[in-house]
């Protein structure tokens, strides 16, 4: 799983920057920005790793002796550490702009090691700083930038923005048989739009979204002039992939879910978002079709979905009416999924440390 990083400026962002000389070279100049420590703790808990990156003009020269810098800086680091804030690394450019070095922000020399790592989640990593050069650094790194300001984008605002859940995924799957576009919003309800060309299948997919408590949009163009096989199978593959992507690092999810009855049917569903695809399925139908959906494709749909989503899924139904039996499977799955994707904390629900 790729890692989220926050590359954070020091003066003017973590601590106040003296307007007189822009140097924190005495203990009485050291002052933390409002709310910085609790918000950094919140961000760490949400899975971000912290890296401090700062330009310190002329550090080690007569105008800014190293000893004058070290005292306040070391105290700052001790306070952060004592409160549980851990920086993976502190990156410092000591040069003046006139030196034309290759490590001064917004140049990327200091962060080249992170850029070389395939493990960095660039879509969810940020540079946070109070200057235009910090935003330029973010652009040069190919990640997001947040310009800190006490009034317009302060630490509580940043903490809220970066920890607010809005799990989303967009998957496009094109083959010779089907063209499929799936969007999933796990933290929004209502407004689902589904068009696969198979009316009863659309109704069943809507049951997953409705009872799962999330929104999805699915558009499919398939070779229905042959039959519904490729349409149903490939929709399952695309939807499973979208759900997996939307779940992200899975921190805080319940992971497990189970549900039982519907009408005269007894539908059993047990789900584990385990990362290990497996399906146990038991359902018998009187007819080959319900509406325009082939009943033999129902198992195929759930098998395809469980494979790309990476879940262990047990589904079973008994009843008298084929329509109700089919619907009970989709409703039970949706309701079970609702339990499993619900966020209750910040930790990964696995003793192995990975899902």
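Including glycine, each Cβ sits where the backbone N, Cα and C put it.
For the Mg(2+) site that Swiss-Prot gives as 9, 11, the extra residue drawn from 121, 130, 149 is 130.
The binding-site residues under consideration are 101, 130. Their Cβ neighbour counts within 10 Å are lowest for 101. Comparing CA positions across the binding-site residues 93, 95, 101, the one lying closest to residue 9 (active site, nucleophile) turns out to be 93. Between the CA atoms of residue 95 (Zn(2+) binding site) and residue 130 (Mg(2+) binding site) there is a gap of 19 Å. Every protein chain shown contributes to the tally, and the Cβ of residue 11 (Mg(2+) binding site) ends up with 19 other Cβ atoms within 10 Å.
Spatially close to residue 103 (Zn(2+) binding site) yet at least six residues away along the chain are 93, 95, 109, 110, judged by Cβ distances under 8 angstroms.
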